[in-house]
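Visitor: Heads up, here are the entries from Swiss-Prot:
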{"type": "SIGNAL", "residues": "1-29", "note": "signal peptide"}
{"type": "REGION", "residues": "33-58", "note": "region 'Disordered'"}
{"type": "COMPBIAS", "residues": "40-54", "note": "compositional bias 'Low complexity'"}
{"type": "ACT_SITE", "residues": "HIS119", "note": "active site, charge relay system"}
{"type": "ACT_SITE", "residues": "ASP161", "note": "active site, charge relay system"}
{"type": "ACT_SITE", "residues": "SER237", "note": "active site, charge relay system"}
{"type": "REGION", "residues": "282-357", "note": "region 'Disordered'"}
{"type": "REGION", "residues": "289-345", "note": "region '18 X 3 AA repeats of P-[DN]-N'"}
{"type": "COMPBIAS", "residues": "291-357", "note": "compositional bias 'Low complexity'"}
Amino acid sequence: MKGKFLKVSSLFVATLTTATLVSSPAANALSSKAMDNHPQQTQTDKQQTPKIQKGGNLKPLEQRERANVILPNNDRHQITDTTNGHYAPVTYIQVEAPTGTFIASGVVVGKDTLLTNKHIVDATHGDPHALKAFASAINQDNYPNGGFTAEQITKYSGEGDLAIVKFSPNEQNKHIGEVVKPATMSNNAETQVNQNITVTGYPGDKPVATMWESKGKITYLKGEAMQYDLSTTGGNSGSPVFNEKNEVIGIHWGGVPNQFNGAVFINENVRNFLKQNIEDINFANDDHPNNPDNPDNPNNPDNPNNPDNPNNPDNPDNPNNPDNPNNPDNPNNPDQPNNPNNPDNGDNNNSDNPDAA
């Protein structure tokens, strides 16, 4: 059994990879020796639109080849309206290898980019063109947004099982992030244990290229590691983990049987990596990056307590008279030396004021 290791709570826990091998009499373990950054390959000719491989023998080879982690919480249901809302960027992946075809999941996050796992892209053995993507696939005969061929792979430099895949445009010169709206990423400022989440992807124990959603709660969260109590199977690798706002908070990688399923949590390190490599990635509440200390008043970062009067932060109730906040209209104001009604004004020659000195 091929094992991968992820540091969790200062312990190393053996984890099973979750790519599914289909239509193959034998399978080699997924290689971890692929280059971290495959060079971009120029597309000289229009590539034919990829098609989903199908047939009666399209099924997982062996359960040992995938993390088949069904937990007591097995709340899974099929998504048939795959082009609706946050489901649209969820993507079915096939990796064509000499030993067969691996199936997995991913999520579109930019004009021409998708997120999935390192162990999925490792199956390309250095040839990005071996990876095909079908956003919003409904089944093996119906993928409304067509297929796309990868052209470049960038693997996360940290421990997390995360990779960015860049795609060539299709025959109509459309990019994958133009035929579907890319997913919104969470800044994860409020993400915590016990929150409701969903993992949405293409599990290998269901009909080929059908989208399924699994519901559960976060059970552990530290650094780049996130664990949850919901069920997944092989093929779910690379699935987005959504919060209740339908924002992506992590990328599912697999699990440990009878214990948990897990994802790469998008913490600050991961977020910085994504921003550096995906120019148009969209993080929620990231519209005013230069004013992080005053999110409620983005146009007045220097005066967070008085957004309605940026020119007079010390006197929000009297924006027109910052020098006399207490009584601008008072004619008897003792601090006004030129006030003819001021009895303390020694320069006052007003005959109507008998108390004047």
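Just so it is clear, glycine is given a Cβ too, placed from its N, Cα and C backbone atoms.
Quantities reported herein were computed from a predicted structural model and do not represent experimental measurements.
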Visitor: Given SER237 (active site, charge relay system) and HIS119 (active site, charge relay system), what distance in Å do their CA atoms have, once rounded to a whole number?
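Guide: So the Cα of HIS119 (active site, charge relay system) lies 9 Å away from that of SER237 (active site, charge relay system).
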Visitor: Quick one: give me the count of other CB atoms within 10 A of the CB of ASP161 (active site, charge relay system).
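Guide: The answer is 28 other Cβ atoms.
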Visitor: How many neighbouring Cβ atoms, not counting its own, are there within 10 Å of the Cβ of SER237 (active site, charge relay system)?
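Guide: Excluding its own Cβ, the number within 10 Å is 34.
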Visitor: Count the other Cβ atoms sitting within 10 Å of the Cβ of HIS119 (active site, charge relay system), across every protein chain shown.
Guide: 27
Visitor: Averaged over the whole of the region '18 X 3 AA repeats of P-[DN]-N' (289-345), what is the pLDDT?
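Guide: A mean pLDDT of 46 is what the predicted model shows over the region '18 X 3 AA repeats of P-[DN]-N' (289-345).
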Visitor: Whole-number answer please: how many Å between the C-alpha atoms of HIS119 (active site, charge relay system) and ASP161 (active site, charge relay system)?
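Guide: Spelling it out, the Cα of HIS119 (active site, charge relay system) and the Cα of ASP161 (active site, charge relay system) are 7 Å apart.
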